[in-house]
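Record features (Swiss-Prot):
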- Gly229, Cys230, Pro231, Gly232, Thr233, Gly234, Lys235, Thr236: ATP binding site (BINDING)
- 12-29: compositional bias 'Basic and acidic residues' (COMPBIAS)
- 1-53: region 'Disordered' (REGION)
Amino acid sequence: MGQQQSGFGGRGNDRGAGDGEKKEKKKYEAPIPSRIGKKKKGSKGPDAASKLPAVTPHARCRLKLLKSERIKDYLLMEQEFIQNQERLKPQEERQEEERAKVDELRGTPMAVGSLEEIIDDQHAIVSTNVGSEHYVNIMSFVDKEQLEPGCSVLLNHKNHAVIGVLSDDTDPMVSVMKLEKAPQETYADVGGLDQQIQEIKEAVELPLTHPEYYEEMGIRPPKGVILYGCPGTGKTLLAKAVANQTSATFLRIVGSELIQKYLGDGPKMVRELFRVAEENAPSIVFIDEIDAVGTKRYDSNSGGEREIQRTMLELLNQLDGFDSRGDVKVLMATNRIESLDPALIRPGRIDRKIEFPLPDEKTKRRIFQIHTSRMTLGKEVNLEEFITAKDELSGADIKAMCTEAGLLALRERRMRVTMEDFQKSKENVLYRKKEGAPEELYL
């Protein structure tokens, strides 16, 4: 009995365990239907256009990512290698290579133009000497801080692109006008002309060295001085003596140099001349033979005459633009003051007019002493005969007489000049002065 009961009890336990296993089993799930042979249903509704498709990673995308990372590593290694090589390379070699690259971009030859207007950081409008204007590019290696309207720039000869800036935009012709070395002539080399020397000292030299004298007197120093008189009376010589005596910058120009070929170059040179004078103040501007550009104005159909008149108008403008106490003085010289325009020599522009007449007996004696001081003269030489003569000899004629007498003595292998040499030299000088050069010189 006990065995049977125990047997029945064992079966009951097995049945309970089976029921637990059935309860633990998962529910039946239907298999995913196959899409093969079935059309994809089109998504309907407004939200379908904004939904992104589901993207699942693939092995091919992973390979592309690994390849891109490897390429990036190689590029970083190459960049590091180049940086190391640049660091090891001497600085001078790097600079030479950079200059060579810039020169290659610039090209040769380079044209010079004027910057008219800056459009933006990369474009500008430039003009050339011919007068045409161009809309051009500005190269990246050009210093943008130095660019300003009106400055001189370097242009490529093909596309006129701006490839550089001229730091010193001074006209080369104006730079040549500036005397780097003072002339050797002094006031002692000027025979006579004591009154003229005193007047030019008061008008030019003293305002530059002692301007306080004029302030105490309550007057304004003259702006400009004009020297006029017959040829050979010492106008240019006195201007050289002024340049030697003062420590001011001396700018010398001949009036014919202001007449240029292209339209507008003459007035531009006048502006450059006075701009350089103001930058190097105190300075003296000496314009010799001013009658080349300062003649009286009249109606003319010639383009050259109109350009000369424009140059003179720019000169008048520059004379009016000076400060009354400025450290720039204007010195002019001419042989024909009657042909000058009245607007040029009126008070306010040219305040003092100094006349240089033909030398008198006292001045002739002084000039002869200056030019014969180093010559060996014979005992029979009497210079008073030439001094008291009524011949209209200028200072340049007397100098030519002394030089010609010395040449005649050298022709005869003599180191002493005789009275006969002076007489022959006087005849030659007077003949060339009155009759001109002999025709035999041109045969």
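Each position is counted from 1, following the chain as shown.
Every residue gets a Cβ built from N, Cα and C, even glycine.
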Tell me, how many other CB atoms lie within 10 A of the CB of Cys230 (ATP binding site), whichever protein chain they belong to?
15
Winner by Cβ contact number (other Cβ atoms within 10 Å) across the binding-site residues Thr233, Thr236:
Thr233
Of all the binding-site residues given, Gly229, Pro231, Gly232, Gly234, which has the fewest Cβ neighbours within 10 Å once its own Cβ is left out?
Pro231
Long-range Cβ environment of Lys235 (ATP binding site), under 8 Å and at least 6 residues apart:
Leu227, Tyr228, Gly229, Ala333, Phe356
